[in-house]
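Reading through the structure tokens given below for one structure.
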Amino acid sequence: MNLIFAKVLCLLAILVLMMLGSLIPVKISEADFDKSSRSRKILSLSNSFAGGVFLATCFNALLPAVREKFFDLLKIGNISTDYPLAETIMMVGFFLTVFVEQTVMTFRKEKPSFIDMETFNAGSDIGSDSEFESPFISANHGHNLYEGGHSHHSHSLNIKELSSSSPIRLFSLVFALSAHSVFEGLALGLQEDGNKLLSLFIGVVIHETLVAMALGVSMAKVNTHLKDAIKMAVLVSTMIPIGIVVGMAIQSAQNMASSIASALLQGIAGGTFIFVTFFEILVKELEEKNDRLLKVLFLVLGYTVLAVLVLFKW
């Protein structure tokens, strides 16, 4: 299959699945999401699987590709060094992602009643050891958090506040929340072989669809109007496609500057995958009391599936 065509298919699939994930809960808001323990268990295990996929994507696909790119670039420049450039760039990407998220939270002037940042993670909170509560279930065990009260979390955003914001403010807030998604898209758009593209796509589409579903549930909880829900869903869902398009444009240039940009951006994207895996998925899923070993099994399974897929050419 033509690689450009495959990337376009990835773009469309991610866009459609994230839009559906965001909007379906709004259309069926009468469903009792909080009591659906089976659904939450499935989401939680899927998220753990996605964590394993991201680990394999980062360390079995992206890291070797970035090493190879830097090796070729240094060879062209007749430069010899044993310094771990690929690993360093990945850590730059990791710290950059942490910095962007924490900067947004630091400069927020208020703590409006929920939406919690954890809403952008798709995990469950049943039996959590954490002092923080679920974005879906309040400390009073079942009262709607969106009816009032304040978050134990310092980073919280209000769905109604977001949906009624000016377009520029809405885009800036959602972009800040989804900044790492752009780098995930860049990683997809910059890929040069099919097997790595497939492994990246599987990890991204699983995790980001779950993220979109979590957002959709939160919008349903506060009875967000469909028009406002569509506005939110479109903004969140287009972050990865934007990254894919930019990555494809850079990769198609086929010159020295594009090669350097590709190596740097793929390394930064690798750091983003590390952030998503450890800060958004594992820290959330493995803190819970229920199904811990099962989640570890799905984590290992996700890693194994992608580690095997990387062996094959597609």
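Here, residue 1 is simply the first one shown, and the rest follow in order.
The backbone N, Cα and C atoms fix where each Cβ goes, glycine too.
Marked as transmembrane segment by Swiss-Prot on the basis of sequence analysis: 4-24 (among others). When Cβ-Cβ distances below 8 Å are used as the criterion, the transmembrane segment (4-24) is approached by residues 188-189, 191, 194, 197, 201, 204-205, 208-213, 215-216, 219, 226, 229-230, 232-234, 236-238, 240-241, 244-245, 248 of the same chain, each at least six residues removed from its ends.
The topological domain 'Cytoplasmic' feature in Swiss-Prot is assigned to 25-41 (among others).
Among the features that Swiss-Prot reports, transmembrane segment is placed at 42-62 (among others). Here the transmembrane segment (42-62) has Cβ contacts under 8 Å with residues 90, 121-124, 187, 195-196, 199-200, 202-203, 206-207, 210, 213, 266-267, 269-270, 273-274, 276-277, 281-282, 284-285, 288, 291, 294-296, 298-307, 310 of the same chain, all six or more residues outside its ends.
Residues of the same chain lying 6 or more positions beyond the ends of the topological domain 'Extracellular' (63-84) and with a Cβ under 8 Å from any Cβ of it are 90, 191-192, 196, 256, 259-260, 262-263, 266-267, 270. Sequence annotations record features per position, and here Swiss-Prot assigns topological domain 'Extracellular' to 63-84 (among others).
What Swiss-Prot lists as transmembrane segment is 85-105 (among others).
Across all of the topological domain 'Cytoplasmic' (106-169), the predicted model scores a mean pLDDT of 43. Summarising the annotation, Swiss-Prot assigns topological domain 'Cytoplasmic' to 106-169 (among others) and lists sequence analysis as the type of evidence.
If you look up Swiss-Prot, you'll see 170-190 (among others) marked as transmembrane segment.
Marked as topological domain 'Extracellular' by Swiss-Prot on the basis of sequence analysis: 191-196 (among others). Counting residues per DSSP class in helix, strand and coil order gives 3 helix, 0 strand, 3 coil for the topological domain 'Extracellular' (191-196).
For 197-217 (among others), the entry in Swiss-Prot reads transmembrane segment.
Among the features that Swiss-Prot reports, topological domain 'Cytoplasmic' is placed at 218-229 (among others), with the record citing sequence analysis.
The annotation transmembrane segment is assigned in Swiss-Prot to 230-250 (among others) on the grounds of sequence analysis.
Residues or ranges marked as topological domain 'Extracellular' by Swiss-Prot on the basis of sequence analysis: 251-262 (among others).
Long-range contacts of the transmembrane segment (263-283) within the same chain: residues 47-48, 50-51, 54-55, 57-58, 62-63, 65-66, 69-70, 73, 86, 89-98, 120-121, 123, 180, 183-184, 186-187, 190, 203, 207, 247, 250, 299, each at least 6 residues beyond the stretch ends and with a Cβ under 8 Å from a Cβ of the stretch. Annotation source Swiss-Prot lists transmembrane segment at 263-283 (among others).
Under DSSP, the residues of the topological domain 'Cytoplasmic' (284-292) split into helix, strand and coil as follows: 3 helix, 1 strand, 5 coil. Under the heading topological domain 'Cytoplasmic', Swiss-Prot lists 284-292 (among others).
The annotation transmembrane segment is assigned in Swiss-Prot to 293-313 (among others).
With a cut-off of 8 Å between Cβ atoms, the residues of this chain six or more beyond the topological domain 'Extracellular' (251-262) that come close are 69, 72-73, 76, 189-192.
Across the range of the topological domain 'Extracellular' (251-262), the DSSP-based residue counts are 10 helix, 0 strand, 2 coil.
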